[in-house]
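A short worksheet on the structure shown next.
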Amino acid sequence: MLLLALGFLLVMLQPSAGQFPRVCANVQSLLSKECCPPWDGDGTPCGELSSRGSCQNILLSQAPLGPQFPFSGVDDREDWPSVFYNRTCRCEGNFMGFNCGECKFGFSGPNCTERQVRTRRNIFQLTTSEKNKFLAYLNLAKNIPSQDYVIATGTYTQMNNGSNPMFRDINVYDLFVWMHYYASRDTLLGGSNVWRDIDFAHEAPGFLPWHRAFLLMWERQIQKITGDENFTIPYWDWRDAEDCGVCNDEYMGGRHPTNPNLLSPASIFSSWQVICTRSEEYNSQQALCSATSEGPLRRNPGNNDKSRTPRLPSSADVEFCLSLTQYESGSMDKMANYSFRNTLEGFADPQTAISNPSQSSLHNALHIYMNGSMSQVQGSANDPIFVIHHAFVDSIFERWLRRHRPMLEVYPAANAPIGHNRENYMVPFIPLYRNGEFFKPSRDLGYDYEYLQEPALESFQDFLTPYLQQARQIWAWLVGAAVFGGIVTAVLTGLIKACQKKKGGTSSEIQPLLIESEDYNNITYQSNF
């Protein structure tokens, strides 16, 4: 009870990261298309008085898109978030948030100037108390309403272009389930028509950056509602696993004794209700998921279609994937060949990198293997295994970034499927994040993975430290040698000058230049370093 009360208090006091800010889910904000809430610290929009940010027009990418979505002006997610808002807070320096009231990922302190790097750990390496705390945090998030964000229950057209707002409250955990649904849902075309070949979070270049941002926001939200600023998402290393090692009551819930599709009553997750799983029903009604309960969490690991996913991923699959040098290729969708992203996502063969959507490997394999709520894309985040699975997928992405050290330009700037170009804003996040902002090493975003940490030198200062220590040990000898060398040099110089005077000088004609004058301007300095 104490933890629950603390959670409510913290949620009331601190902003969170998610979808529609509650303070902007009203007629005035929708009709003016402006979402620039005041920062509590000074009462001005975006904390402008404190130089935290200012209300600015949204700058949308004009880069051309791929051919996968042949429509325009039919989906609220096009040119996100311009259908709802065209002015939002643009934060300065290390400030972030829908009102610039937070720090960017990787920074903390009252002025967001303190760098920090937290470590995500293997779930099997957690102590019993650490593991139980993680499970309690998950359950807490499922039972605390978000104070800062609401979800849309209708399209902008159904809201009469903003004059009839349609929003509702949601708990913290389900807020993220809903965001994952909203990013991957089908386009409603009217009548009974929908367009299925669209996804703002999957099957294209943004898959890895989008989920990286999603996990960071989820992680920060848990830190806030619990007051545990050092919390990090644990990861499940599923390489070479023969079964679901976390599918037991000690971790993420075991199998029900009489119904193999449900969770054990001994697990706290057996009481969880899922949302946003009935995509065909929403499509037929031309409606959005309203986040109403749709039954218990379902999972039947291993009893999946073996012709599609015969086994869980191996270490060899991961290593081959990491060897691919191209982040993206070809059509930049699930048909891309030799694409690291498409292979890791699981649409390409992990032994050849040739696209094969009839098979599900690597990331996709885990979803199919779970054979339940996690196996349907739009509602997959209902299963808490989702976060520990995607944390490990993100770690593989991180390994690829460290191995190949790509420039930002490696991420496609144009011609990717809708919403996936480098400068596109990620759907449905407010505050706004561009895809390219998360195509960078995790340490730049304030976190690392335990199994990726090395005793490597952290900086040039670290490189110099052992040599400086040695120098301090022999400094007296070094000073003495320098003084002696100076005296010897001075004596020799005096002797040479004396000899030159005795000889009466030497003609310049017999002193050749080291570099002939006509060649001087052609000299270049080269280095093999």
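Each Cβ is built from the backbone N, Cα and C atoms, and glycine gets one as well.
As recorded in TrEMBL, the features of this protein are as follows:
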- 1-18: signal peptide (SIGNAL)
- 202-219: domain 'Tyrosinase copper-binding' (DOMAIN)
- 287-313: region 'Disordered' (REGION)
- 383-394: domain 'Tyrosinase copper-binding' (DOMAIN)
- 474-496: transmembrane segment (TRANSMEM)
Residues from the same chain, set at least six apart from the ends of the domain 'Tyrosinase copper-binding' (202-219), whose C-beta lies under 8 A from its own: 17-18, 105, 176, 179-180, 183-184, 231-233, 327-328, 332-334, 341, 344-345, 347, 377, 387, 390-391, 393-394, 397, 411-412, 416-417, 419-421, 424, 426, 429, 433, 435-439, 442, 445-447
Per-state residue totals over the domain 'Tyrosinase copper-binding' (383-394) - DSSP helix, strand, coil: 10 helix, 0 strand, 2 coil
Number of helical, extended and coil residues in the domain 'Tyrosinase copper-binding' (202-219), per DSSP: 13 helix, 0 strand, 5 coil
Helix-strand-coil residue split for the region 'Disordered' (287-313), DSSP-based: 0 helix, 2 strand, 25 coil
